[in-house]
Amino acid sequence: MEEPLTVAAIFRGPFNILAISEVLKVVAAVGWSVNYIGMVHRAWKDQIPSIGILPLCCDIGWEFVYAWMFPDFSSHWQGVVRVWFFLHSAVLLVTLKVSPNDWANTPLAHRHIVFIYIFVTIVFGAGQYALAAEIGPALGFHWGGALCQFLSSSGGIAQLLSRGHTRGASYLIWFARAISTFAGFIKLCIRFQHNVDGAPWLDSPMCWFYIVTVLSFDAAYPFLYFSMRKFETPAPQREARIKKQ
């Protein structure tokens, strides 16, 4: 029986390109974990959610399906998906605590915040399960994760634009997400070239559209964040800077 491809298995043999893919997997695993911990910290500190409802609920739905319902198809992550599920659960708890501060101007949603988050999470979980049933859990793991990543990157941009300020956001949250995304994409390309984990989805034009779009969102985010921060500079400091110019 062929030994599963793991960090230990690869590094027991001669160093090769697949060893690099394992290192990138570790980078992505740590990076996403830092991203989630950073969201908990920033949301609690600023008393406002650090992530939108759609990306958060989609992430939890995907993680639940592949951590508990189809664990064999996330086994190459060696339990990391379960860790992410618990970290995201912590993000959800903090988000529910501080969401009233963000939805104060929407009375109907304000009164039903808990129900809304639970309902949307169940819907995304059902959708992830349906996708796995439709195209198989192996591809469903990748495409369901692609949706999570698209919503996470686009949601960060949308959150800045809709709020008009940087509360609830930080360079750390962005950097951890961006480096994890980039490392994950390179890992998938390496594994695709070596036919590991059965990743035929990189042959899809839609997949490359998704990759380019997500990377573009993550590349644009720090510039938008920096622009927002300039507008948040206290008036006296801003006027002093203008006079110096």
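Quick reminder: no glycine exception, Cβ is built from N, Cα and C everywhere.
Taken from Swiss-Prot, the feature transmembrane segment applies to 17-37, 51-71, 76-96, 113-133, 138-158, 170-190, 206-226, supported by sequence analysis.
Touching of the transmembrane segment (113-133) and the transmembrane segment (76-96) is concluded from the presence of at least three CB pairs under 8 A, sequence neighbours closer than 6 excluded. Contact between the transmembrane segment (138-158) and the transmembrane segment (206-226) is supported by 3 or more Cβ pairs under 8 Å, counting only residues 6 or more apart in sequence. Within the chain carrying the transmembrane segment (51-71), a Cβ under 8 angstroms from the stretch's Cβ atoms is held by residues 39, 43, 81-82, 84-85, 88-89, 91-92, 95, 116-117, 120-129, 132, 137, 140-141, 144-145, 147-148, 151-152, 155-156, 158-159, all 6 or more beyond its ends. When each of 76-96, 170-190, 206-226 is scored by its Cβ pairs under 8 Å to the transmembrane segment (17-37), the top-ranked stretch turns out to be 170-190.
Outside the transmembrane segment (206-226) by six or more residues, the chain places 146, 149-150, 153-154, 156-157, 160-161, 166, 169, 171, 174, 177-178, 181-182, 185 with a CB less than 8 A from a CB of the stretch.
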